Amino acid sequence: MPFELPQQPAPELPERWCVFNGSLLWLQDNQLPAQPPAGCALTGQRFLGIHEGSNLFLADLVGDMPAQAGEWLPLRPALLAMPMAQVQAAARAAQLRQFFHSHRFCGHCATPLAVSADQLGRHCPSCGQVYYPRISPAMMVLVRRGRELLLARSPHFAPGMYSALAGFVEPGETLEECVHRETWEEVGVKVKNLRYAFSQSWPFPHSLMLAFIAEYDGGDIRPQEGEIEDAGWFDIDALPGLPMPISIAHRLIRHACDRIRDLEA
């Protein structure tokens, strides 16, 4: 189990700290440190659970950055730098931090929200509304046609980078319906034989990505104006630049390539 969620830390276990300074996360030797920066004032300290045998804590730096070993990195570069085993811990901390910062007042009556002692949610002492960390489900689909994969790029992607199709689930919509809708809207293609692959919590800012592989079922590629800059079919031995290795898109594309090669063997 990646996370255990007791109410109190286990005193016999070591610690891991996610200390933020604005949009920056503090790392030591490219890892989440075992203790916060020495001699620094912290705010928002919170126990987030047990992850990989360590008590996980969240805090924000108050004042200037400490002049000591380590570096402050934006979240994406920090996730790339740290061991894969710690990525999920940092993602949890980033998502909960965003929730704590954005849910300070009741959206119903504007009363300051109270922190719950036994859960991560916050409640309104005036009207009784309860707020929990937001999770936004989104699907990702990799469309296969023989040994070719349909990859696309959005205008905000790094130059030369392509990825699988993705989009948020609409209210009242199933994941499967979202896959069919997004592939049609984004590239004008129909799909069939959907297969669930895996999922990933993605803290930009609070997505839960659910990845699928689907087979091509017709249609000519027609990139959606304003959303898709380019799209095309790519042979698995001639892929363009791909998303960073920690992303579910990278894992999904590599997984599909491996499956195709296994079938060809």
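Each Cβ is built from the backbone N, Cα and C atoms, and glycine gets one as well.
For the divalent metal cation 1 site, Swiss-Prot gives Glu186, Glu227; the one candidate out of Ala158, Ala166, Ala249, Ala256 that the record lists there too is Ala166. Under DSSP, Cys124 (Zn(2+) binding site) is assigned to coil, being neither helix nor strand in the three-state scheme. The binding-site residues under consideration are Trp202, Phe204. Their Cβ neighbour counts within 10 Å are lowest for Phe204. Across the motif 'Nudix box' (167-188), DSSP classifies residues as 13 helix, 2 strand, 7 coil.
Excluding Cys106, Cys109, Cys124, Cys127 themselves, the residues of that chain whose CB lies within 8 A of the CB mean position for the Zn(2+) site are, in sequence, Gly107, His108, Ala110, Thr111, Leu113, Pro125, Ser126, Gly128, Gln129. Over all protein chains present, the Cβ of Gln200 (substrate binding site) has 19 other Cβ atoms lying within 10 Å. Taking the centroid of the Cβ atoms of Glu182, Glu186, Glu227 as the divalent metal cation 3 site, the other same-chain residues with Cβ within 8 Å of it are Ala152, Leu165, Ala166, Gly167, Thr183, Glu185, Val187, Gln224, Ile228.
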